[in-house]
Amino acid sequence: MPQVDPELFDRGQFQAELALKSSPIAAFKKAIRQFREVLDNRFNSGRDIRRLIEDRAWCVDQVLQQAWQRFDWGDDADIALIAVGGYGRGELHPYSDVDLLILLDSEDQESFREPIEGFLTLLWDIGLEVGQSVRSVRQCAEEARADLTVITTLMECRTICGPDSLRQRMLEVTGSTRMWPSKEFFLAKRHEQQRRHAKYNDTEYNLEPNVKGSPGGLRDIQTILWMARRQFGSLNLHALVREGFLVESECSMLASSQEFLWRVRYALHMLAGRAEDRLLFDHQRSIARLFGYEDNDVKLAVERFMQKYYRVVMAISELNDLIVQHFEEVILPCEQPVQIQPLNSRFQLRDGYIEVTHPNVFKRTPFALLEIFVLMAQHPEIKGVRADTIRLLRDSRHLIDDEFRHDIRNTSLFIELFKSSQGIHRNLRRMNRYGILGRYLPEFGHIIGQMQHDLFHIYTVDAHTLNLIKHLRKLNRPEMAEKYPLASKIIDRLPKPELIYIAGLYHDIAKGRGGDHSELGAVDAEAFCQSHQLPLWDTQLVSWLVQNHLVMSTTAQRKDLSDPQVIFDFAQLVGDQTHLDYLYVLTVADINATNPTLWNSWRASLLRQLYTETKRALRRGLENPVDREEQIRQTQTAALDQLVRNGIDQDDAEQLWSQLGDDYFLRHTAGDVAWHTEAILQHPDDGTPLVLIKETTQREFESGSQIFIYAADQHDFFAVTVAAMDQLNLSIQDARIITSTSQFTLDTYIVLDADGDSIGNNPERIAEIREGLIDALKNPDDYPTIIQRRVPRQLKHFAFAPQVTISTDALRQVSVLEVIAPDRPGLLARIGGIFLDFDLSVQNAKIATLGERVEDVFYITDARNQPLADPDLCKRLQAALVEQLSQDNGRDTLPTRINF
């Protein structure tokens, strides 16, 4: 513990303060406030963090001793005040709990009831956050035997007041010879760690990690030390060096990593003003500045700070794996004779774990640094890597240099891993964990731990990349065919599956360099393929996939797939069925690996539609594209056949169709045209809007809910409709607006419920939506109030200036208004209100929400059904939209852009 430090706590001054005051509470509070201020100032000036948290524990010791002495415990009383847990280790952060054990020799607590109650009340009154228990030595033993948490807490203890003999007796009766022998304790702690990691999705790379509990956090270091304490009776990292579980460099790395996390945790407590171990968005920017990071042209300060954080916790995880594996080999020796199974002259299995046959294997044959992972892919029964071999891998990474990277033995081994029938993701992840992957591919090393400060990308770039490969592997499993029917079918017939894994590995490799990462990554991918002797066609395919990996998703979500020109342009880009197949599968995996919430039934259906229409265009031949008239004729013929079968008069149908215009038949399928036509012809002419609701497809995982509205047109129709849908808690994904020559509107909205799923076959919910929309449209003057829902906490920290762009589509005679803005509750309804104010009509809309941002496209016309031609009107419209969308934003606005 620290030496006496009068600046932190001066006993003489404190006693004088007590003598001057009638109540001790003020003196105690002043002393606590004083040492907190001094320690926080020392932290801000960069003082050693280990000393700071030890000093804080020492200060609390002084306060507790002074408080304890104010009560009469009797002469030679068998009662002691014991510090346990983190405080027992002598470590205390600004708002950490002060964990105390009041330890008695006897279970008869009655004689001490009054002073104990007075003591604890005083601690409460002076503002100390304490966690306390009152137990006898025997009770400690009973509870420790039954509870892993209790035995762990009691292992870390020291006496603050009273006889230390009580603590010694307690340690004796709870020692490993009496309970929780090291084997049992190790198994329980390992299981506890596995459960804790699972709670955080088994990744160090959560967007808002818990500095204490997430994988690679402080608890992982403490777990190692607890295991060591139970086995060896030692409780510090240097003891692990003496016992041969760590080498000095690893010990130093763990110690420096621990100190980094301590500084982060200390800063979190200071900024939050309370105990806070979550590195929330609220604090990430502030801590980045506190740690001296600044924005530059390529990365934000917060991204650079978080990359440092992620690399630290990844290093801790790597060493935690190594040490826990080493403990397992020592603490859990196999009761059966050791089973040795040779694999080749370099590797063998020992009780199911792979190890080198000689300590100099990697030095003599460096290619074995890659071979070990290929062997594990070929032998999926291998449980893992022996601890000594993990250390040899770590210590031999320097052997991977340019000569190594261009050696045909090594390039062949790496490609062989991608051709494995299983284990690709698992072993790439191992390569990353042991530092081999980033060493072999320096471009991959640059993206390790690199985050993107948004809600769209919830993983670091390297974690996302490996998740993508994991998802590609999952698509091969039969059980995935239900959720991903098309992708599962396609991936099975890819001629060279290894190419899509290579493209997946490289698709985001150039993130964080500035510039277009797709273009830069394509160059890197081409260089990789060439250095690994891939044929020209394979090289060109991989490079093309990396360059275009975003195109299919962007086309599906932002363009009108009913437009034959959109399909033709995309078909020209892909060129053939093989490129289309590879790109579709890569796109599905990329979306799922970016953020699981992004993949919903509507996005799935859009991608399927784009894939299917493009496949049809390729089969027809790019030299023979479908023209608009042919598509309209095909749709009408198929719809009419269906209507006639249902008893609808052909003349009535054609009379209705004559009022609709070409766009209607281009934007809807024959089935939808028949559905709409039959319902309209049978709908009573009483002014009540017609509202139809059905699923877009019967495929469970590739669907949205289609709401069709037929009613007399009115200038506020879109605004009223989207506001009503907002009130009904519906998320609009797509809108198609048609106005007939008879001034009726035929609007189709694709919606999802708040949970991201389609409405489904829920009669009560369907009735609620239908009635709500009819009521709103029958009473448009009672414009639905936009619901003022609370902006989620996370969204508040990703505010940016809205961007509004207006251009003209001369072919379709509409203005294209693009909005990029922070996502907010009721945002689409707000936009609809602005359109109403400017007397604008919406012809079509594509809605996309990407994490914390929306990227919406509206095809609009003015009151004369013409594109917006007045520059002044466009500027006023932009200004109104930016002002509305900037509410609750907290950021200055950016310039907008008009392209005529």
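Residue positions begin at 1 at the first shown residue.
Placement of Cβ uses the backbone N, Cα and C atoms for every residue, glycine included.
Some features that Swiss-Prot has for this protein:
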{"type": "DOMAIN", "residues": "461-583", "note": "domain 'HD'"}
{"type": "DOMAIN", "residues": "706-789", "note": "domain 'ACT 1'"}
{"type": "DOMAIN", "residues": "816-891", "note": "domain 'ACT 2'"}
{"type": "REGION", "residues": "1-342", "note": "region 'Uridylyltransferase'"}
{"type": "REGION", "residues": "343-705", "note": "region 'Uridylyl-removing'"}
Treating G and I as helix alongside H, and B as strand alongside E, what does DSSP give for the domain 'ACT 1' (706-789) in helix, strand and coil? 27 helix, 27 strand, 30 coil
Under the DSSP assignment, what numbers of helix, strand and coil residues are found in the domain 'ACT 2' (816-891)? 26 helix, 24 strand, 26 coil
Using DSSP, tally how many residues of the domain 'HD' (461-583) sit in helix, strand and coil. 87 helix, 0 strand, 36 coil
Mean pLDDT, the domain 'ACT 2' (816-891)? 84
